[in-house]
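Database features (TrEMBL):
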- 3-223: domain 'Orotidine 5'-phosphate decarboxylase' (DOMAIN)
- Asp9, Lys30, 57-66, Thr116, Arg178, Gln187, 207-208: substrate binding site (BINDING)
- Asp57: active site, for OMPdecase activity (ACT_SITE)
- Lys59: active site, proton donor (ACT_SITE)
- Lys59: active site, for OMPdecase activity (ACT_SITE)
- Asp62: active site, for OMPdecase activity (ACT_SITE)
Amino acid sequence: MTKPIIALDFNTFDEVQKFLGQFDESLYVKVGMELYMLEGRNVIKEIRAMGHDLFLDLKLHDIPNTVARTMAGLGKLDVQMVNVHARGGSEMMRRANLAFKEHNPDGICIAVTELTSTNENMVKNELRSEISLEESVLNLAALTKQAGLDGVVSSPLESPLIHKKIGENFVTVTPGIRMSENRNDDQVRIVTPEHARELGSNYIVVGRPITQSHNPVEAYHHIKSLWEGHNE
Ligand SMILES: O=C(O)c1cc(=O)[nH]c(=O)n1[C@@H]1O[C@H](COP(=O)(O)O)[C@@H](O)[C@H]1O
């Protein structure tokens, strides 16, 4: 069972150090655009030097050449996982994956399908999609698989369908995790850790329910035990 991935959505490396300093174990953490853009590559090197596994979540989405050249640079960073937006298309994804793995053959490269903050109404009325949200997730997941990537980011709600239609070994990395006592914040398609396990998610990504908790270590261990199925 993989550890819950903790989203380090902080502004400064000081805050990261303060947060990680509370833990006396190695973690799987995620650095997203907020921390990366404000603090840069050194944050990645420092966190890796502390012994934590790292998902670098930059959700790249640009023309294939730009994304491939960026991914080649990220491949040299010794991280465990990176991602792109599946809406960048199959050529962008294929080249991103190859460029990353040329330098990091053991790394995992995945693509974001529909964000967990997206709902059916947005898909239909804002994005003017002719297909449902679930069909869109499945379509983007199929495109991701064809492009040779390892898996997708989706809501846990879509994990069963993705595994059934695309393949059991195709990885689902799933944010939008909340327990009943948590606020939803800006997440729409939310699921509890134990439900995510039942739905077959391969990884869960959890931010504010841990980072904003008055006791982050306790919150992490509670979520981890629910995810691993020890608390039932
Ligand atoms: O790619 C992601 O990690 C991601 C995709 C998505 O669809 N939804 C989503 O919430 N995320 C990220 O997962 C984390 C969730 O954080 P919390 O809502 O605080 O648990 C954030 O860092 C988001 O950027």
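Note: Cβ is positioned from N, Cα and C throughout, glycine not excepted.
Just so you know, TrEMBL annotations never went through curation; they're auto-generated.
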Recorded positions close to ligand 1 - of Asp57, Leu58, His61, Pro64, Gly207, only those whose C-beta is under 6 Å away: Asp57, Gly207
Chain-internal residues near Asp9 (substrate binding site), provided their CB is under 8 angstroms and they sit 6+ positions away: Gly32, Glu34, Leu35, Gly207, Arg208, Thr211
All-chain count of other Cβ atoms within 10 Å of Asp62 (active site, for OMPdecase activity): 15
Across the domain 'Orotidine 5'-phosphate decarboxylase' (3-223), average pLDDT on the 0 to 100 scale: 97
Conformational class of Pro64 (substrate binding site) under the three-state DSSP mapping: helix
Number of other Cβ atoms within 10 Å of the Cβ of Asp57 (active site, for OMPdecase activity) across all protein chains: 27
Rounded Cα-Cα span from Thr116 (substrate binding site) to Lys59 (active site, proton donor), Å: 14
